[in-house]
Amino acid sequence: MFCVQCEQTIRTPAGNGCSYAQGMCGKTAETSDLQDLLIAALQGLSAWAVKAREYGIINHDVDSFAPRAFFSTLTNVNFDSPRIVGYAREAIALREALKAQCLAVDANARVDNPMADLQLVSDDLGELQRQAAEFTPNKDKAAIGENILGLRLLCLYGLKGAAAYMEHAHVLGQYDNDIYAQYHKIMAWLGTWPADMNALLECSMEIGQMNFKVMSILDAGETSKYGHPTPTQVNVKATAGKCILISGHDLKDLYNLLEQTEGTGVNVYTHGEMLPAHGYPELRKFKHLVGNYGSGWQNQQVEFARFPGPIVMTSNCIIDPTVGAYDDRIWTRSIVGWPGVRHLDGEDFSAVIAQAQQMAGFPYSEIPHLITVGFGRQTLLGAADTLIDLVSREKLRHIFLLGGCDGARGERHYFTDFATSVPDDCLILTLACGKYRFNKLEFGDIEGLPRLVDAGQCNDAYSAIILAVTLAEKLGCGVNDLPLSLVLSWFEQKAIVILLTLLSLGVKNIVTGPTAPGFLTPDLLAVLNEKFGLRSITTVEEDMKQLLSA
């Protein structure tokens, strides 16, 4: 086992990465190794997808499957080894079908890629795990060095984050052939184990630029189906009655659940990155979408154990449900998996609803505590002139984009301290689950404009980028000249690709934490600092002083 893709990876003087019987996320060595095997199979599939496009062959089954299966290897998504192997077998079957299509056009069609003809050696998981050793990401570290390995992983993990967003967009009916062609090209190239530093750096920026397009179509999918988010108050306390909790990012699953629970007497609560759903008109119209439950994903083993109803996980993040003994009432959807947990293959939630009706639910309603969400792209753009007016009248000094992933590391309290230290004449724009560090606190307003503005899920960084570009255009300056600072927390691969997106767009002087990614060497961090001004957090006082004086 070798996995260094998330923020909580093991770090020792000898090197970084989880390489024992189990990773810090709870992933076993078996599952981790089989995920490496799956990635190799997907690289072979992409190699043939690239070749097929040369013949004008576009296989939509391949295009929809490849990013979805890659998403299953993202942190805290799928811990179920047999399902990972199932994805690998499906990848190989799709590859062979695509290969046959190519050979039907050109009998001499071939692909020069080491993954292009990969076959699984056995049905036995142990044998497959031994085969997977051939594809361990750091297998040639001694030959290529830590810097090349780090850049490879930056590209691989960044592309994995983009694949997750591609799947979210695809679920909502969004497809862009140019994006899929670019995805396959990059995925196939990474399967050749590239070792050119400049080419890898260029690839990382290409991934960032591609992901900006992905976030654009995801935004289009969400807003076309569910309307543009508008500021909405959400209760974060319990309401009496039977209940279901839904977590993850998939708004379509939430919509289907709301439709199927309507009139059943079962209330629905959002958790984690589902919180922004309350801002969408077509979702909040359901009166039994009563509120948001819990805090950051890392607290779920305590909070889920206390929730008196079933739980549905639609995407990341799931962690071991046996610890809180709620594994008999947690359900997984789509690419999510945990051994022994019931999985919903389709969009029928009747079994979940039946379980909710058999459980006690919340016995009484707590005193409401309301927070505000729903500052989506359209709302943010509508406030652009107000922001400029406040800046011109010196009522608004600075905007801090304070967002990203949450996690268990104690140093993450930095983000709470930073938020509460932001001066009263400054505004906090937040997104993603890192907001749970401070989103239930009171921040007041500046002439009626809330000082805490929740822009949505992690992918809604797109809205923040569009706002920044709009402000820069209206002020006749560059984005880096705005009174705007980005202080980002990271945990997994979606955050990595958001960072690559920002860097590829030329955004500079981003501050990240709580630690640097374990796969980035001191040399690589120095390069990113020199090129983009990217740096790690220090202390709240020092960072605040520096950012306000920039």
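In case you wondered, yes, glycine gets a Cβ from its N, Cα and C as well.
According to Swiss-Prot, the protein has these features:
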type    : residues                                                       : note
BINDING : CYS3, CYS6, CYS18, CYS25                                       : [2Fe-2S] cluster binding site
BINDING : HIS249, GLU273, CYS317, CYS405, CYS433, CYS458, GLU492, LYS494 : hybrid [4Fe-2O-2S] cluster binding site
MOD_RES : CYS405                                                         : cysteine persulfide
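Annotated features, which come from Swiss-Prot, shown on the structure.
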residue: CYS3; record: [2Fe-2S] cluster binding site; Cβ neighbours (10 Å): 28
residue: CYS18; record: [2Fe-2S] cluster binding site; Cβ neighbours (10 Å): 22
residue: CYS25; record: [2Fe-2S] cluster binding site; Cβ neighbours (10 Å): 22
residue: HIS249; record: hybrid [4Fe-2O-2S] cluster binding site; Cβ neighbours (10 Å): 25
residue: GLU273; record: hybrid [4Fe-2O-2S] cluster binding site; Cβ neighbours (10 Å): 29
residue: CYS317; record: hybrid [4Fe-2O-2S] cluster binding site; Cβ neighbours (10 Å): 27
residue: CYS405; record: hybrid [4Fe-2O-2S] cluster binding site; Cβ neighbours (10 Å): 26
residue: CYS433; record: hybrid [4Fe-2O-2S] cluster binding site; Cβ neighbours (10 Å): 27
residue: GLU492; record: hybrid [4Fe-2O-2S] cluster binding site; Cβ neighbours (10 Å): 25
residue: LYS494; record: hybrid [4Fe-2O-2S] cluster binding site; Cβ neighbours (10 Å): 33
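The Cα atom of CYS18 ([2Fe-2S] cluster binding site) lies nearest to that of CYS317, taking the binding-site residues GLU273, CYS317, CYS433, CYS458 as the candidates. Under a cutoff of 8 A between CB atoms, and with a sequence separation of 6+ in the same chain, the neighbours of CYS458 (hybrid [4Fe-2O-2S] cluster binding site) are GLU273, GLY403, GLY404, CYS405, LEU431, ALA432, CYS433, LYS494, ALA495, ILE498. Ranked by CA distance from CYS3 ([2Fe-2S] cluster binding site), the binding-site residues HIS249, CYS317, GLU492 have GLU492 at the top as the closest. In this structure, the CA atom of CYS25 ([2Fe-2S] cluster binding site) is 11 Å away from the CA atom of GLU492 (hybrid [4Fe-2O-2S] cluster binding site). Sequence-distant neighbours of CYS6 ([2Fe-2S] cluster binding site) (same chain, 6+ residues apart, CB-CB distance under 8 A): MET24, CYS25, THR75, ASN76, PHE491, GLU492, GLN493. Those same-chain residues not listed among CYS3, CYS6, CYS18, CYS25 yet with C-beta within 8 angstroms of the centroid of the [2Fe-2S] cluster site C-beta atoms are VAL4, GLN5, GLN8, THR9, GLY17, GLY23, MET24, LYS27, SER32, THR75. Summary of the hybrid [4Fe-2O-2S] cluster site environment: with the site residues HIS249, GLU273, CYS317, CYS405, CYS433, CYS458, GLU492, LYS494 set aside, the chain residues having Cβ atoms within 8 Å of the Cβ mean position are GLY272, TRP297, ASN316, ALA432, GLN457, PHE491, ALA495.
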